[in-house]
Amino acid sequence: MEKGARQRNNTAKNHPGSDTSPEAEASSGGGGVALKKEIGLVSACGIIVGNIIGSGIFVSPKGVLENAGSVGLALIVWIVTGIITAVGALCYAELGVTIPKSGGDYSYVKDIFGGLAGFLRLWIAVLVIYPTNQAVIALTFSNYVLQPLFPTCFPPESGLRLLAAICLLLLTWVNCSSVRWATRVQDIFTAGKLLALALIIIMGIVQICKGEFFWLEPKNAFENFQEPDIGLVALAFLQGSFAYGGWNFLNYVTEELVDPYKNLPRAIFISIPLVTFVYVFANIAYVTAMSPQELLASNAVAVTFGEKLLGVMAWIMPISVALSTFGGVNGSLFTSSRLFFAGAREGHLPSVLAMIHVKRCTPIPALLFTCLSTLLMLVTSDMYTLINYVGFINYLFYGVTVAGQIVLRWKKPDIPRPIKVSLLFPIIYLLFWAFLLIFSLWSEPVVCGIGLAIMLTGVPVYFLGVYWQHKPKCFNDFIKSLTLVSQKMCVVVYPQEGNSGAEETTDDLEEQHKPIFKPTPVKDPDSEEQP
């Protein structure tokens, strides 16, 4: 096993953007292991759609309506935010094939702006964003499963958290067992939630055919039920943008895509318009059966919709929400574990997280780390508060990443770009992003300030854990022993990869401060010890 741990130093040093297939290298060399390219176009679409469409469209699409002030303006907000999301996704598509590494915006920010910027993106994701989001989705799943058993009261809190933990453990086992199993689960549950939403849309069309379209007539659709306010409209756009969250998750698994140069942009072209269509027409369907006041008063819009129109079949809606959230947990586990895997590979997280199973070729340590951090969030009571604090930071890094696309065009105009979008796209996205960011700072300065403070706690961690390379020998020996024990327990080794630079787990000092992605291999300091 020690030999497996050392094989990262014997792998060929290749450019991160190399197009060599990992399977080809593994089979042609010495039998090394590597991440497998098992995600086809259908599964890629399932990852995007499954991560965007969670429980929100079923449970609480009222956030946009409440702030927009009218049905018509709310529908416009859903359409515009869908278009802006598509624009941002196209920018990420260019970055994804220019810097074809797993890790998504973390990898892009690190390669373009340097190690500290990338680490801060990773730090906030590891510390709060993914553990809290996954915990909330799992709790939503358990709530909709248990609610029918407690028709006259709320399910017990301990029962909710226990079932959420079981959900997380089950899906972690699936993801550890096989990439193919994980993507099949994602495909099935994404199809299920789309079928449920298709049912809602079809019923809305039936309602329109019956003449139930009072709130869709222009004079009624734009009738304000509150005083128009530009600040509230901005909040509506912010709520809409959050509803499309997850559109960038496919970039986290770029190295496992079959033919990423084709399938990454294709999946984006298919998925984002599909989600926009579903969101807009689901909201149209809702207002054919409910007035804006009824919609705003409902705690679970799809359930209320089902009770009004489905009669004895109303049970379909809560089951649909449960299935949707179950698939959402799976998709988030799958993609976030690849983010942590990529961070460990770059030396920003413990190196054991950059290892994969010798037979299954799944990043088991990263998956277990993701699961454990989420389980810890389940036993805390302040995770919703944490989400509010760091939601602003998460959105901040979307803009930083897209700005990096412009910087990369300027600094490295000649590097290969299989996809090259018009510069108008990142400019449009950044203008929209700046509008929302400035308004967020103005309307909730304390919340945004706390979010920034949480992110900046990563600065001393970076300098102590990453920048400071000459640590005491006793510390290095302890980490090496801990890594070896973890490696034996999980039966994992460092992967041999020819397309991602996965064999490097630390950066040298010079590379840490380079602001722009350089298409030359990074020299692994450990390799200097080899004869």
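Placement of Cβ uses the backbone N, Cα and C atoms for every residue, glycine included.
Both F150 and T304 are recorded in Swiss-Prot on the same side of the membrane. According to Swiss-Prot, the listed position annotated as phosphoserine out of S21, S60 is S21. Swiss-Prot marks one residue of S27, S332 with the annotation phosphoserine, and that residue is S27. When S28, S500 are looked up in Swiss-Prot, the one carrying the note phosphoserine is S28; the rest have no such note there, which does not rule it out for them. DSSP gives G245 (L-leucine binding site) a coil state; it is part of no helix or strand. Between the recorded positions N133, N394, the minimum number of other C-beta atoms within 10 Å of a residue's C-beta occurs at N394. For G245 (L-leucine binding site) paired with N133 (site 'Important for substrate specificity'), the C-alpha to C-alpha distance reads 11 Å.
Taking pairs at least six residues apart, the transmembrane segment (116-148) and the transmembrane segment (157-177) share three or more Cβ pairs below 8 Å and count as touching. Fewest other C-beta atoms within 10 Å: among the binding-site residues I52, G245, that description fits G245. With pairs at least 6 apart in sequence, the transmembrane segment (157-177) and the transmembrane segment (364-381) have 3 or more Cβ pairs within the 8 Å limit; the two touch.
Beyond the topological domain 'Extracellular' (210-229), the same-chain residues lying 6 or more positions past its ends with a Cβ under 8 Å from any Cβ of the stretch are 69-73, 75, 284, 287-289, 291-293.
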